[in-house]
Ligand SMILES: O=P(O)(O)OC[C@H]1O[C@@H](O)[C@H](O)[C@@H](O)[C@@H]1O
Ligand SMILES: [Mg+2]
């Protein structure tokens, strides 16, 4: 019997190579606001979380209004790069999407980004997903499990029939809190970051659907 029926993908860093654009936009904004920011801060406090939550996690002493205004500015810096088409879709993920579809699996994207649909449309792959769930569709963003639970619900599947593919610490925590099998993808060579995942890979090119099913059966 097939255990795996649905695959839920994070977007930034898993499907789309948009982490550099997000990082550059955050860096510019935090520098203007006078906050220290580097890759470690990004991964520990910002990556995978909703825009306001990520901004607030760094601007810990700022008023909500200031955090909101700064987060909107960051979005303008990000969008400028996206509008100029400054991102690629990962080839390994495209191949993996094809393999999933060939096996009849249903696919969803569950991203904290309010720009998720825009990025998927620009990449020309929005129609590959039966559900596209954004951070604003739920009350609690990652690391809460709500976004993945809603994505599974929209696919008409229980969490046990789905696998989540994530590249962020907050995303892995959210998937595990929701009772999902989670594949962590680390393209940076720092696999220990995603230690909470059930399996960590450096790309999806060698990930086989039968390996995922084997993990599910354990
Ligand atoms: O500002 P947006 O596009 O709504 O995205 C929110 C967050 O979305 C996450 O997917 C990214 O990992 C973060 O870097 C980003 O800040
Ligand atoms: Mg991500």
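Cβ coordinates are placed from backbone N, Cα and C, and glycine is handled just like the others.
Features of the protein shown, as given by TrEMBL:
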BINDING   10, 12, 166, 167  Mg(2+) binding site
BINDING   10-12, 26, 46-51, 74, 111-115, 142  substrate binding site
ACT_SITE  10  active site, proton donor/acceptor
ACT_SITE  12  active site, proton donor/acceptor
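Listed binding-site residues near residue 167 (Mg(2+) binding site): 48 (candidates 26, 48, 51, 112, 115; Cα-Cα distance within 10 Å). With respect to ligand 1, the binding-site residues 12, 48, 112, 115, 166, 167 contribute 12, 48, 112, 115 as residues with a C-beta closer than 6 angstroms to one of its atoms, given in sequence order. In this structure, residue 12 (Mg(2+) binding site) is part of a beta strand by DSSP. Residue 12 (Mg(2+) binding site) sits 8 Å from residue 48 (substrate binding site), taking the CA atoms of both as reference points.
Cβ neighbour count for residue 10 (Mg(2+) binding site): 29 (other Cβ atoms within 10 Å of its Cβ, all protein chains included).
Neighbours of the Mg(2+) site: apart from 10, 12, 166, 167, residues of the same chain with C-beta atoms within 8 angstroms of the site's C-beta centroid are 9, 11, 13, 14, 47, 48, 111, 165, 168, 171, 185. Residues 10, 12, 48, 167, taken from the binding-site residues 10, 12, 26, 48, 167, are distinguished by a CB atom under 6 angstroms from ligand 2. Under a cutoff of 8 A between CB atoms, and with a sequence separation of 6+ in the same chain, the neighbours of residue 115 (substrate binding site) are 75, 78, 79, 82. Of all the binding-site residues listed here (26, 48, 51, 112), 48 has the Cα closest to the Cα of residue 166 (Mg(2+) binding site). The Cβ neighbour count for residue 51 (substrate binding site), using a 10 Å radius over every protein chain in view, is 25. Looking at residue 26 (substrate binding site) and residue 10 (Mg(2+) binding site), their Cα atoms lie 19 Å from each other. Around residue 112 (substrate binding site), the same-chain residues at least 6 positions away in sequence with a Cβ under 8 Å from its Cβ are 48, 49, 50, 51, 53, 134, 135, 141, 142, 147. Take the CB of residue 48 (substrate binding site) and look out to 10 A: across all protein chains shown you find 26 other CB atoms.
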